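Trainee: This is the structure I want to talk about, given as structure tokens.
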């Protein structure tokens, strides 16, 4: 017994000496309780333990508001086109009376060359304003969110939309006083707060904060399902609403109300996903990084460097302790893949609809049904099939290992795993096959089947964005996704120019040329995906080792030159 007591005392002494490296007693009790739990522990959950449910962050808080946000974004696109036409004609002929536009129905008054040309030019300018400004603003807001939280900046993204819709209502309500070109000011306001791009990256950052790595891809899939639902059914719901009210103006009041509701709900109701501790740690790290930069901060060279609009992209090429060439290669490859997937999907959609109408003589109802069917398949894949794949590929094997070992695994960012890489490549392969199917389709049935194949590729975007967040520490997620958001915004500007330009050059000669381009783009993304390696992560310094245990350490500080450091300490510092 004496021997056992001495052994116990020695073990206690060892524990006391290593307190700064081990969890506290309360954390040990938490770990013990988690061992018996069916869910692996995750350190991020500890910041919200003991709080009531309405103060605990979860991706489910966002699904309802986000689908309203995307419905508003999708529902207002087509009405703005018609509004611009009517405002233009009213300025030329104030006494003219126009037949109401019924979205989803035939509108011969809009199907004339003048309307098509004017709308195309005007929308190009609006997209340029919004896209360029959001490309500048989105990375800055993403970086700020790491230090000051997600919800307030997510609400800020809706302020520009509210101002834009207010100007739209003024243009529609008072066409004699407010020229339709004031809609460009609305695009400026929308871009100044990041537009849809910032709302999207803030949602993804929030999801990353409150979802463990093993379930993150599925949660991202839920968010993307809301996106596809809004973009697909927003125009349809807007069309029915305009047809029911008989007023094109009514939809803009509804959309403005959606923006206001989203802003207030996110600002006042949705719990913040970044704890105060993490926000303070991110601010301290930011200040430390600023101090380590070049000391000539007031020079004109540094001013030009900080004013570089592409400077946020350096987040995709991190250097310093904990980084590696493999990390940089993975981040660049994932950024390219994500930009191609999102940019091609959003840019090629309008051209595909034009191709359907020209080749298969589909009317508006058939084209709308095709777009809605594709989006429905994406929603089913993301919300129905993807969780099943994740359960059998991650959750169930982890539960089996936990039962066999008797110890709950503590989840942490360890980079993308083999399942992530496999799903991403399968999604890109389905996009390539579907695009080639478009090329060789000579009947509408084959064309629709090819579209279903590309819809399976919806897994690629959700998986890719989840993989990106698994590569970096939590306090850098917003900055990294902000850089991705910049690429998304640029893709929104350049993508339609590329795809519409190719379609304009090849229509009548080789109508399938646009799909050859689409297959080539996805094929390039597939090749790039083979550069991604699993289990690559930014090895960040643990938070409990960044600061001393007590604030009196400086009083007992010893110059570095007097105390030799072993290899492990050298690596740490």
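If you go along the chain as it appears here, the first residue is 1 and each next one adds 1.
Glycine residues also receive a Cβ, built from the backbone N, Cα and C atoms like all the rest.
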Trainee: Which range is it, out of 26-47, 92-113, 180-201, 290-311, that shows up in TrEMBL as transmembrane segment?
Mentor: 180-201
Trainee: According to TrEMBL, which listed range is transmembrane segment: 375-393, 394-412?
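Mentor: Feature transmembrane segment in TrEMBL: residues 375-393.
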Trainee: Taking 514-532, 533-551, 552-570 as the choices, which stretch does TrEMBL tie to transmembrane segment?
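Mentor: TrEMBL lists transmembrane segment for residues 514-532.
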Trainee: Please indicate, using numbers and ranges, the residues of the same chain that are 6 or more beyond the transmembrane segment (59-78) and have a C-beta under 8 Å from a C-beta there.
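Mentor: That would be 103, 158, 161, 165, 168, 196, 199, 203, 206-207, 210-211, 219, 222-223, 226-227, 229-235, 237-239, 251-252, 254-255, 258-259, 261-262, 265-266, 269-271.
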Trainee: Looking at the stretches 180-201, 248-270, 331-355, 447-468, 480-502, which one shares the most CB pairs under 8 Å with the transmembrane segment (375-393)?
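Mentor: The stretch with the most contacts is 447-468.
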Trainee: Which listed range (180-201, 248-270, 447-468) shows the maximal number of Cβ pairs under 8 Å with respect to the transmembrane segment (480-502)?
Mentor: 180-201
